[in-house]
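Trainee: As listed in TrEMBL for this protein:
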type: ACT_SITE; residues: K74; note: active site, proton acceptor
type: BINDING; residues: S23, R24, S25, T70, N95, D110, Y227, Q255; note: shikimate binding site
type: BINDING; residues: E86, G136, A137, G138, G139, A140, I225, G248; note: NADP(+) binding site
type: DOMAIN; residues: 15-97; note: domain 'Shikimate dehydrogenase substrate binding N-terminal'
type: DOMAIN; residues: 128-200; note: domain 'Quinate/shikimate 5-dehydrogenase/glutamyl-tRNA reductase'
type: DOMAIN; residues: 248-275; note: domain 'SDH C-terminal'
Amino acid sequence: MRERIMTLQLRKACIIGYPVKHSRSPLLHGHWLHEYGLDGAYERAEVAPEDLASFMAGFAGKGYVGGNVTVPHKESIMACLDAVTETAQAMGAVNTLWFEGGRLCGDNTDVVGFLANLDEGAPGWDARTRTVVVLGAGGAAKAVVYGLLQRGMERVAVVNRSFERADALRERFGSRVLAAPWEALPALLGETKLLVNTTSLGMSGQPPLAIDLEPLPSGAVVNDIVYVPLETPLLTAARARGLLAVDGLGMLLHQAVPGFERWFGVRPQVSAALRAHIVADIVRTNP
Ligand code: ATR
(Lines of atoms letter the chains of each structure in order from A and count residues from 1; the text may use other names and numbers.)
(Lines give C-alpha, C1' and ligand atoms only; values in the text may rest on other atoms or scores of the structure.)
Protein backbone atom coordinates (compact mmCIF):
# COMPACT_ATOMS: atom_id res chain seq x y z
CA MET A 1 0.00 0.00 0.00
CA ARG A 2 2.78 2.37 0.96
CA GLU A 3 4.54 1.66 -2.34
CA ARG A 4 1.36 2.40 -4.18
CA ILE A 5 1.00 5.74 -2.41
CA MET A 6 4.60 6.61 -3.30
CA THR A 7 4.06 5.92 -6.99
CA LEU A 8 0.94 8.03 -7.00
CA GLN A 9 2.84 10.98 -5.56
CA LEU A 10 3.51 13.77 -8.03
CA ARG A 11 7.17 13.92 -9.04
CA LYS A 12 8.20 17.49 -8.46
CA ALA A 13 11.33 19.42 -9.42
CA CYS A 14 12.17 23.10 -9.23
CA ILE A 15 14.59 25.83 -10.19
CA ILE A 16 16.37 27.34 -7.21
CA GLY A 17 17.62 30.89 -7.66
CA TYR A 18 17.32 34.47 -6.49
CA PRO A 19 15.54 35.89 -8.36
CA VAL A 20 13.96 33.13 -10.49
CA LYS A 21 10.95 34.78 -12.04
CA HIS A 22 12.73 35.32 -15.38
CA SER A 23 13.93 31.72 -15.67
CA ARG A 24 12.71 29.87 -18.76
CA SER A 25 13.36 26.46 -17.19
CA PRO A 26 9.72 26.04 -16.02
CA LEU A 27 8.52 26.70 -19.58
CA LEU A 28 11.00 24.21 -20.98
CA HIS A 29 10.35 21.37 -18.54
CA GLY A 30 6.62 22.13 -18.61
CA HIS A 31 6.67 21.61 -22.38
CA TRP A 32 8.31 18.21 -21.99
CA LEU A 33 6.01 17.11 -19.14
CA HIS A 34 3.04 17.90 -21.36
CA GLU A 35 4.59 16.37 -24.49
CA TYR A 36 5.36 13.06 -22.76
CA GLY A 37 2.09 13.05 -20.80
CA LEU A 38 3.88 12.82 -17.45
CA ASP A 39 2.22 13.57 -14.15
CA GLY A 40 5.00 15.78 -12.81
CA ALA A 41 5.58 19.40 -11.90
CA TYR A 42 8.42 21.88 -12.25
CA GLU A 43 8.26 24.92 -9.99
CA ARG A 44 10.14 28.10 -9.24
CA ALA A 45 11.82 28.28 -5.83
CA GLU A 46 13.01 31.77 -5.01
CA VAL A 47 15.51 31.28 -2.19
CA ALA A 48 17.60 34.11 -0.74
CA PRO A 49 21.27 33.27 -0.14
CA GLU A 50 20.84 33.29 3.66
CA ASP A 51 17.98 30.77 3.35
CA LEU A 52 19.69 28.30 1.02
CA ALA A 53 21.03 25.89 3.66
CA SER A 54 17.68 25.54 5.43
CA PHE A 55 15.81 25.24 2.13
CA MET A 56 18.10 22.42 1.06
CA ALA A 57 17.87 20.70 4.45
CA GLY A 58 14.12 20.36 3.84
CA PHE A 59 14.38 19.70 0.08
CA ALA A 60 13.28 16.03 0.04
CA GLY A 61 10.69 16.74 2.71
CA LYS A 62 9.04 19.25 0.38
CA GLY A 63 8.54 16.43 -2.12
CA TYR A 64 11.24 17.40 -4.59
CA VAL A 65 12.99 14.67 -6.60
CA GLY A 66 15.57 17.17 -7.82
CA GLY A 67 15.94 20.47 -9.56
CA ASN A 68 18.07 23.08 -11.24
CA VAL A 69 20.24 25.71 -9.62
CA THR A 70 20.89 29.16 -10.96
CA VAL A 71 22.43 32.48 -9.94
CA PRO A 72 23.55 33.15 -7.24
CA HIS A 73 23.58 29.60 -5.81
CA LYS A 74 25.56 27.55 -8.34
CA GLU A 75 28.73 27.54 -6.21
CA SER A 76 27.33 27.80 -2.69
CA ILE A 77 24.90 24.89 -3.17
CA MET A 78 27.84 22.50 -3.30
CA ALA A 79 28.16 22.64 0.49
CA CYS A 80 24.61 21.23 0.75
CA LEU A 81 25.22 18.14 -1.42
CA ASP A 82 26.31 14.58 -0.63
CA ALA A 83 28.11 14.03 -3.95
CA VAL A 84 29.01 15.89 -7.14
CA THR A 85 30.13 14.66 -10.55
CA GLU A 86 33.69 15.10 -11.79
CA THR A 87 32.45 17.82 -14.16
CA ALA A 88 30.77 19.79 -11.35
CA GLN A 89 33.91 19.38 -9.27
CA ALA A 90 36.04 20.75 -12.11
CA MET A 91 33.63 23.67 -12.59
CA GLY A 92 33.23 24.38 -8.91
CA ALA A 93 29.57 24.89 -9.81
CA VAL A 94 26.37 22.84 -9.96
CA ASN A 95 23.24 23.44 -12.02
CA THR A 96 21.38 20.12 -11.68
CA LEU A 97 20.34 18.17 -8.57
CA TRP A 98 18.85 14.69 -8.12
CA PHE A 99 18.64 11.93 -5.54
CA GLU A 100 20.51 8.69 -5.91
CA GLY A 101 20.16 6.08 -3.20
CA GLY A 102 18.94 8.77 -0.83
CA ARG A 103 21.96 10.97 -1.49
CA LEU A 104 21.55 14.42 -2.97
CA CYS A 105 23.85 14.67 -6.01
CA GLY A 106 24.92 17.57 -8.21
CA ASP A 107 26.13 17.88 -11.79
CA ASN A 108 26.98 20.71 -14.15
CA THR A 109 25.16 20.10 -17.41
CA ASP A 110 26.16 23.42 -19.01
CA VAL A 111 29.16 21.55 -20.40
CA VAL A 112 27.13 18.91 -22.26
CA GLY A 113 24.61 21.59 -23.20
CA PHE A 114 27.28 23.72 -24.83
CA LEU A 115 28.81 20.76 -26.70
CA ALA A 116 25.47 19.33 -27.85
CA ASN A 117 24.45 22.73 -29.22
CA LEU A 118 27.67 23.04 -31.21
CA ASP A 119 27.39 19.46 -32.47
CA GLU A 120 23.88 20.20 -33.67
CA GLY A 121 24.62 23.59 -35.23
CA ALA A 122 28.07 22.85 -36.64
CA PRO A 123 28.43 19.07 -37.03
CA GLY A 124 32.05 17.96 -37.20
CA TRP A 125 33.40 21.27 -35.83
CA ASP A 126 35.90 19.44 -33.62
CA ALA A 127 37.46 17.70 -36.60
CA ARG A 128 37.98 21.03 -38.37
CA THR A 129 39.93 22.94 -35.74
CA ARG A 130 42.50 22.25 -33.02
CA THR A 131 42.34 25.74 -31.52
CA VAL A 132 39.45 27.86 -30.25
CA VAL A 133 39.07 31.47 -29.19
CA VAL A 134 36.73 32.06 -26.25
CA LEU A 135 35.65 35.61 -25.39
CA GLY A 136 34.92 36.12 -21.70
CA ALA A 137 36.11 34.43 -18.53
CA GLY A 138 33.06 34.32 -16.24
CA GLY A 139 30.94 31.41 -15.06
CA ALA A 140 29.71 30.48 -18.53
CA ALA A 141 33.26 30.54 -19.93
CA LYS A 142 34.30 27.94 -17.36
CA ALA A 143 31.82 25.40 -18.77
CA VAL A 144 32.74 26.29 -22.36
CA VAL A 145 36.50 26.00 -21.81
CA TYR A 146 36.15 22.72 -19.92
CA GLY A 147 33.96 21.28 -22.68
CA LEU A 148 36.41 22.33 -25.40
CA LEU A 149 39.33 20.75 -23.55
CA GLN A 150 37.32 17.56 -23.07
CA ARG A 151 36.80 17.44 -26.82
CA GLY A 152 40.56 17.44 -27.28
CA MET A 153 41.22 21.02 -28.37
CA GLU A 154 44.96 21.65 -28.31
CA ARG A 155 44.69 25.31 -27.44
CA VAL A 156 41.83 27.37 -26.01
CA ALA A 157 42.69 31.06 -26.06
CA VAL A 158 40.63 32.97 -23.50
CA VAL A 159 40.34 36.66 -24.26
CA ASN A 160 38.79 38.80 -21.56
CA ARG A 161 38.49 42.46 -20.60
CA SER A 162 39.97 41.67 -17.19
CA PHE A 163 43.09 39.66 -17.92
CA GLU A 164 43.25 38.20 -14.36
CA ARG A 165 40.00 36.28 -14.85
CA ALA A 166 41.31 34.75 -18.11
CA ASP A 167 44.50 33.86 -16.29
CA ALA A 168 42.49 32.23 -13.49
CA LEU A 169 40.99 29.88 -16.10
CA ARG A 170 44.49 28.98 -17.27
CA GLU A 171 45.42 28.21 -13.69
CA ARG A 172 42.28 26.12 -13.20
CA PHE A 173 42.47 24.13 -16.44
CA GLY A 174 46.16 24.04 -17.30
CA SER A 175 48.58 24.80 -20.09
CA ARG A 176 46.27 24.12 -23.04
CA VAL A 177 44.50 27.34 -21.99
CA LEU A 178 46.11 30.56 -23.13
CA ALA A 179 45.06 33.75 -21.36
CA ALA A 180 45.23 36.70 -23.72
CA PRO A 181 44.46 40.41 -23.63
CA TRP A 182 41.82 41.92 -25.92
CA GLU A 183 44.56 43.40 -28.18
CA ALA A 184 45.67 39.89 -29.13
CA LEU A 185 42.30 39.08 -30.68
CA PRO A 186 43.00 39.85 -34.39
CA ALA A 187 46.06 37.59 -34.43
CA LEU A 188 44.29 34.80 -32.53
CA LEU A 189 41.26 34.92 -34.83
CA GLY A 190 43.53 34.32 -37.80
CA GLU A 191 44.54 30.98 -36.32
CA THR A 192 41.18 29.47 -35.37
CA LYS A 193 38.07 28.04 -36.96
CA LEU A 194 35.88 28.47 -33.89
CA LEU A 195 35.02 31.62 -31.97
CA VAL A 196 32.73 31.42 -28.92
CA ASN A 197 31.32 34.47 -27.18
CA THR A 198 30.57 33.92 -23.48
CA THR A 199 30.50 37.60 -22.49
CA SER A 200 27.22 39.36 -21.86
CA LEU A 201 27.94 41.79 -24.70
CA GLY A 202 25.22 41.60 -27.36
CA MET A 203 22.60 40.56 -24.82
CA SER A 204 19.42 42.60 -24.83
CA GLY A 205 20.10 45.79 -22.83
CA GLN A 206 23.89 45.45 -23.20
CA PRO A 207 26.20 47.07 -25.74
CA PRO A 208 26.95 44.93 -28.81
CA LEU A 209 30.14 42.90 -28.99
CA ALA A 210 31.98 45.08 -31.48
CA ILE A 211 34.85 43.03 -32.89
CA ASP A 212 36.14 42.66 -36.42
CA LEU A 213 35.58 39.12 -37.70
CA GLU A 214 37.67 39.76 -40.83
CA PRO A 215 40.74 37.81 -39.62
CA LEU A 216 38.72 34.58 -39.18
CA PRO A 217 39.48 32.10 -41.96
CA SER A 218 36.69 31.07 -44.32
CA GLY A 219 34.81 28.05 -43.02
CA ALA A 220 35.07 29.27 -39.43
CA VAL A 221 32.19 28.85 -36.98
CA VAL A 222 30.96 31.62 -34.67
CA ASN A 223 28.94 30.58 -31.62
CA ASP A 224 27.28 33.09 -29.31
CA ILE A 225 25.99 31.66 -26.05
CA VAL A 226 23.81 34.76 -25.65
CA TYR A 227 20.27 33.85 -26.81
CA VAL A 228 18.31 37.02 -25.99
CA PRO A 229 18.11 38.22 -28.68
CA LEU A 230 18.46 35.01 -30.62
CA GLU A 231 20.23 36.79 -33.46
CA THR A 232 22.94 38.88 -31.81
CA PRO A 233 24.94 41.50 -33.73
CA LEU A 234 27.89 39.09 -33.59
CA LEU A 235 25.94 36.34 -35.34
CA THR A 236 24.63 38.80 -37.94
CA ALA A 237 28.20 39.92 -38.64
CA ALA A 238 29.32 36.28 -38.93
CA ARG A 239 26.57 35.46 -41.44
CA ALA A 240 27.41 38.62 -43.41
CA ARG A 241 30.95 37.26 -43.74
CA GLY A 242 29.63 33.91 -44.96
CA LEU A 243 30.61 32.13 -41.75
CA LEU A 244 28.51 29.52 -39.96
CA ALA A 245 26.68 31.17 -37.05
CA VAL A 246 25.35 29.08 -34.14
CA ASP A 247 23.03 30.75 -31.65
CA GLY A 248 23.00 30.05 -27.92
CA LEU A 249 19.46 28.79 -27.39
CA GLY A 250 20.40 25.15 -27.94
CA MET A 251 22.78 25.31 -24.97
CA LEU A 252 19.83 26.17 -22.69
CA LEU A 253 17.69 23.44 -24.23
CA HIS A 254 20.34 20.70 -24.18
CA GLN A 255 21.57 21.43 -20.64
CA ALA A 256 18.06 20.62 -19.44
CA VAL A 257 17.98 17.07 -20.89
CA PRO A 258 19.94 15.15 -18.19
CA GLY A 259 17.95 16.66 -15.33
CA PHE A 260 14.57 15.88 -16.88
CA GLU A 261 15.64 12.30 -17.55
CA ARG A 262 16.86 11.82 -13.96
CA TRP A 263 13.69 13.25 -12.38
CA PHE A 264 10.99 11.95 -14.68
CA GLY A 265 12.55 8.85 -16.25
CA VAL A 266 12.21 9.87 -19.90
CA ARG A 267 15.09 11.17 -22.01
CA PRO A 268 13.48 14.18 -23.71
CA GLN A 269 14.16 15.33 -27.25
CA VAL A 270 15.29 18.85 -28.12
CA SER A 271 12.74 19.19 -30.92
CA ALA A 272 11.84 21.99 -33.32
CA ALA A 273 8.55 22.33 -31.40
CA LEU A 274 10.39 22.90 -28.10
CA ARG A 275 12.66 25.46 -29.71
CA ALA A 276 9.70 27.28 -31.27
CA HIS A 277 7.95 27.33 -27.88
CA ILE A 278 10.92 29.01 -26.18
CA VAL A 279 11.61 31.34 -29.13
CA ALA A 280 7.99 32.55 -28.92
CA ASP A 281 8.55 33.43 -25.26
CA ILE A 282 11.82 35.23 -26.03
CA VAL A 283 10.10 37.29 -28.73
CA ARG A 284 7.09 37.99 -26.48
CA THR A 285 9.24 39.19 -23.60
CA ASN A 286 11.79 41.04 -25.75
CA PRO A 287 9.78 42.61 -28.57
P1 ATR B 1 28.45 34.55 -16.73
O2 ATR B 1 28.27 33.70 -15.52
O3 ATR B 1 27.21 34.68 -17.57
O4 ATR B 1 29.63 34.16 -17.52
P5 ATR B 1 29.93 36.73 -15.52
O6 ATR B 1 30.64 35.76 -14.66
O7 ATR B 1 29.40 37.99 -14.91
O8 ATR B 1 28.65 36.04 -16.19
O9 ATR B 1 30.86 37.07 -16.79
C10 ATR B 1 30.53 38.05 -17.71
C11 ATR B 1 31.61 38.12 -18.77
O12 ATR B 1 31.27 39.17 -19.70
C13 ATR B 1 32.99 38.44 -18.23
O14 ATR B 1 33.96 37.82 -19.04
C15 ATR B 1 33.03 39.96 -18.40
O16 ATR B 1 34.34 40.49 -18.48
P17 ATR B 1 35.13 40.91 -17.12
O18 ATR B 1 35.61 39.61 -16.52
O19 ATR B 1 36.24 41.76 -17.58
O20 ATR B 1 34.14 41.62 -16.26
C21 ATR B 1 32.35 40.11 -19.73
N22 ATR B 1 31.82 41.48 -19.93
C23 ATR B 1 30.71 42.01 -19.37
N24 ATR B 1 30.56 43.30 -19.77
C25 ATR B 1 31.61 43.59 -20.59
C26 ATR B 1 32.03 44.74 -21.32
N27 ATR B 1 31.32 45.88 -21.30
N28 ATR B 1 33.17 44.65 -22.06
C29 ATR B 1 33.90 43.50 -22.11
N30 ATR B 1 33.54 42.39 -21.43
C31 ATR B 1 32.43 42.41 -20.69
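In case you wondered, yes, glycine gets a Cβ from its N, Cα and C as well.
Note that the structure is predicted; figures quoted are calculated from it, not measured.
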Trainee: I need the nearest neighbour of T70 (shikimate binding site) among the binding-site residues E86, G138, G248, using C-alpha distances.
Mentor: G138
Trainee: From S23, T70, E86, G136, A137, G139, which binding-site residues have a C-beta atom under 6 Å away from some atom of ligand 1?
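Mentor: Those binding-site residues that pass the cut-off, since their Cβ is under 6 Å from ligand 1, are G136, A137, G139.
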Trainee: Around the shikimate site recorded as S23, R24, S25, T70, N95, D110, Y227, Q255, what other same-chain residues have a C-beta within 8 angstroms of the site's C-beta center?
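Mentor: For the shikimate site, the extra neighbours are I15, N68, L252, A256.
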Trainee: Around R24 (shikimate binding site), which residues of its chain at least 6 apart sit with Cβ under 8 Å of its Cβ?
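Mentor: In sequence order, L252, I278, D281, I282 meet the Cβ cut-off.
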Trainee: If I take the alpha carbons of S25 (shikimate binding site) and G248 (NADP(+) binding site), what is the distance between them in whole Å?
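Mentor: With the alpha carbons as reference points, the distance is 15 Å.
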Trainee: Helix, strand or coil by DSSP: which one applies to E86 (NADP(+) binding site)?
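Mentor: For E86 (NADP(+) binding site) - judged by DSSP and reduced to three states - the answer is helix.
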Trainee: Select one residue from G138, G248: among these binding-site residues, choose the one with the most other Cβ atoms within 10 Å of its Cβ.
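Mentor: Max Cβ neighbours within 10 Å, all protein chains included: G248.
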Trainee: Just jot down the residues in the same chain as S23 (shikimate binding site), at least 6 apart in sequence, with C-beta under 8 A of its C-beta; none if empty.
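Mentor: In sequence order, I15, G17, R44, T70 meet the Cβ cut-off.
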